[in-house]
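Trainee: There's a structure below that I have some questions on.
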Amino acid sequence: VLQNNDFLRNTVHRHEPPVTAQPIQILVEDDEVVVVDKPSSLPVHPCGRFRHNTVIFILGKEHDLKELHTIHRLDRMTSGVLMFAKTAEVSKRIDEQVRERQLEKEYVCRVVGEFPAHEVVCEEPILVVSYKVGVCRVDPKGKSCKTIFQRLSYNGKTSVVKCLPRTGRTHQIRVHLQYLGHPIVNDPIYNMEAWGPARGKGGKIGKTDEELLKALVEEHRSKQSLDILGISEEDLNSSAENQDSGNSSDCTKSARADPINESSCPAEDTEDPERDTKDPERNDVAACPLNSDSDLETLEKNNELGSCENQDGQTGEKSSEEKDPLCVECKITRRDPSPKELVMFLHALRYKGAEFEYCSKMPAWAMEDWEE
């Protein structure tokens with residue numbers, strides 16, 4: 001029987017999805033902000049199945065930068081300029097600029113086909129199909145948004161396009177490019193066969209939302225790349241069981257009943273009226289605020305405990321190969337993804353506010369003479 005002040009502890013068995021080994025480059029660090037060039041495939045902060053492989057955790061562990069305040073987010077698969085405030089005051093000041101639309105954002109991407117040479121403005125409203133998988137589409141019932149596109153170069157097969165999002169809806173740039181018939185070359189969601197022969201051009205999909213999600217999941221399952229969607233075999237099995245036991249198959253409801261979201265914090269921005277303005281290209285819907293100090297301290301202690309266990313006759317190699325008979329993921333042998341599979345050609349190139357402007361280098365794939 002549990003008594004007051006009893007202390008409970010449990011060990012959680014987790015499989016963290018693979019990410020690129022590319023280092024996080026610090027572009028600027030002063031008393032107020034830290035600005036980094038985020039590699040593709042890394043989420044900004046712990047969410048879903050990601051914990052150690054996140055920008056916040058890596059900055060704390062490798063650069064001793066703790067208690068950072070997230071000013072804006074980037075999609076996990078999007079690379080580029082990412083800002084953190086060092087104090088709550090700075091965070092609040094920049095937040096106000098974001099709310100008043102004083103922040104200019106410039107992205108660059110490589111898309112399929114010959115993009116029109118003239119400026120293209122897309123103002124199609126965007127609707128979230130599934131928060132859990134992170135899929136959106138153009139729909140009249142969606143939220144209003146606007147993106148301005150300008151072609152920079154064309155190499156006979158693909159085009160490099162500059163993108164200026166005037167709002168910050170979830171996956172806005174990616175969804176608008178798909179709608180225009182020029183999806184990002186290696187977009188693991190919006191350039192897939194699951195969207196039909198036209199790949200979602202003009203919003204023509206010819207499937208219900210449930211059929212679309214099922215087709216996307218199956219396509220990634222066949223390619224052994226479910227990690228890209230941020231879900232595992234275990235999640236799929238448990239959601240199938242939930243449906244069998246009479247639960248609603250509605251995407252947003254089943255996402256909330258799903259173990260992947262129970263193990264992380266509830267979506268922190270759902271009640272925030274400025275959520276979409278704050279979060280350009282947002283993917284981390286089940287995002288967790290992180291007390292990086294205490295979490296990193298716990299991590300250090302766990303590492304120390306781990307190294308002690310190894311000295312007691314258990315080698316590091318053995319411990320890394322431990323398998324849990326109850327874990328579905330343990331039974332699956334997957335190949336390591338190549339660096340190419342972990343990169344998507346969408347990059348946040350520049351962020352400009354009232355009294356600051358931060359830029360990163362143009363990625364190699366955006367150069368005019370780059371070849372596939």
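Quick reminder: no glycine exception, Cβ is built from N, Cα and C everywhere.
The feature domain 'Pseudouridine synthase RsuA/RluA-like' is assigned by TrEMBL to 33-178. The active site annotation in TrEMBL covers D75. The feature compositional bias 'Polar residues' is assigned by TrEMBL to 237-252, 304-317. What TrEMBL records for 237-324 is region 'Disordered'. Residues or ranges marked as compositional bias 'Basic and acidic residues' by TrEMBL: 275-284.
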Trainee: Enter the number of other CB atoms within 10 angstroms of the CB of the residue listed as 'active site'.
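Mentor: Its Cβ has 26 other Cβ atoms within 10 Å.
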Trainee: Across the domain 'Pseudouridine synthase RsuA/RluA-like' (33-178), what are the DSSP residue counts per state (helix, strand, coil)?
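Mentor: Each residue of the domain 'Pseudouridine synthase RsuA/RluA-like' (33-178) counted once, the result is 28 helix, 55 strand, 63 coil.
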